[in-house]
Amino acid sequence: MSIQTKQNINVLSANMHNASIQTAIEQLISNQSLSYTQSKALFDEIMQGNMSDIELSALLIALKSKGEISDEIAGAAASMRENALAFNTTRNQLADCCGTGGDGSNTINISTTAAIVAAAAGINMVKHGNRSVSSNSGSADLLKALGINIEMTPAQAANCLEQTGFTFLFAPQYHPGVRHAMGVRTALKTRTIFNILGPLVNPAAPEVQLLGVYNPNLCLPMAQTLRTLGTKRAMIVHGSGTDEIALHGPTTVVELNNGNISEYTLNPSDFDLANYSLEQLTGEGPQYNANVSLAILQGKGDEAHNAAIIVNVAALLYLSGKAQSLKDGAHKVHTLLSSGQAMNTLNAIIEVSNG
């Protein structure tokens, strides 16, 4: 093949690439949604560094203006999972609990502490997370403050899961392609689809997920997205202004049960718990939050802090089939916390992750 022919093919390929992006942007501006396949193809281009900043800015804003639907979110998430560093394990029925963040509540690290307690309760927890974006302390910040190695290789992470029932996958390490979008995301200074993709792109593809969202309108599309991605059991929650199961008011829930989706409301009484104010769960920096987590794991936690962990782990036990109901799960977690056994799990995680 001549050099001129190769150059012509490259030009043709570039023109086709630009045309498909332009078509997608015009489609979105016309208020027409992208298909799962279109979205996945576009995000493959982003993850592989093949989209210019101007094209990416236009695409993200056009998506945001129209409003992302589940097929668009699922296509983007599938692309990110496919382009991620692989994580393999012999364990099955993996679970994760996390939130989108962005609710402005700055609580203690509830889902991260809950993940350690859930591991102590016999659930295979693969926590996928990052450093703080919208709060005082992200999951990675807390785990590092507790002495856990947050930058394990995939082999080390798999070993940690198999030895302790818990592991951590540090998002920047597993999703190198996201760096291609960082400049645009920083410059735009507004929420985009990337703000909701974090909880959906765990490289372990967990079968069970407890996912908190900052806006109740995201509950249903996120459940539909997880169904498309193959998740078996999930609860998408928004608790009275927070991306958590609330203790200070009602929680909107959309539950995914092997393809079936149902919607309902939960209150603390559904866990046999009293109500607590959001102020009672206020967190600070990583070291303060780590001390709070240590107290909880040692069985010396504040009542409100314990309650926040109980509702999350109870939901995970229910979703994993290890509790008959949320109340049954809550009683199991209360007993576990009182025993201080969860501290043994943390110590094992610290030892194995640094080994």
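Note: Cβ is positioned from N, Cα and C throughout, glycine not excepted.
A coil conformation is recorded for Arg131 (5-phospho-alpha-D-ribose 1-diphosphate binding site) in the three-state DSSP classification, outside any helix or strand. All protein chains shown were included, and the count of other CB atoms within 10 Å of the CB of Arg131 (5-phospho-alpha-D-ribose 1-diphosphate binding site) stands at 16. Here Swiss-Prot flags Gly99, 102-103, Thr107, 109-112, 127-135, Ser139 as 5-phospho-alpha-D-ribose 1-diphosphate binding site.
The Cβ neighbour count for Asn130 (anthranilate 1 binding site), using a 10 Å radius and every protein chain shown, is 19. Sequence annotations record features per position, and here Swiss-Prot assigns anthranilate 1 binding site to Gly99, Asn130.
The Mg(2+) 1 binding site annotation in Swiss-Prot covers Ser111, Glu244 and is backed by sequence analysis. The Cβ of Ser111 (5-phospho-alpha-D-ribose 1-diphosphate binding site) lies under 8 Å from the Cβ of Cys97, Cys98, Gly99, Ser139, Leu210, Gly212, Glu244, Asn312, each of these being in the same chain and 6 or more residues away along the sequence.
For Arg185 (anthranilate 2 binding site), the same-chain residues lying six or more positions away in sequence with a CB closer than 8 A to its CB are Leu60, Thr192, Phe194. The anthranilate 2 binding site feature in Swiss-Prot is assigned to Arg185.
DSSP assigns Glu244 (Mg(2+) 1 binding site) to coil, not to a helix or a strand. Residues or ranges marked as Mg(2+) 2 binding site in Swiss-Prot (evidence: sequence analysis): Asp243, Glu244.
Around the Cβ of His128 (5-phospho-alpha-D-ribose 1-diphosphate binding site), the same chain contributes Asp96, Cys98, Phe168, Leu169, Ala171, Tyr174, Gly198, Pro199, Val201, Asn202, Pro203, Ala204, each under 8 angstroms and 6 or more positions distant in sequence. Ranked by CA distance from Asp243 (Mg(2+) 2 binding site), the binding-site residues Thr107, Asn130, Arg131 have Thr107 at the top as the closest. Reported as a whole number, the C-alpha separation between Thr107 (5-phospho-alpha-D-ribose 1-diphosphate binding site) and Asn130 (anthranilate 1 binding site) equals 16 Å.
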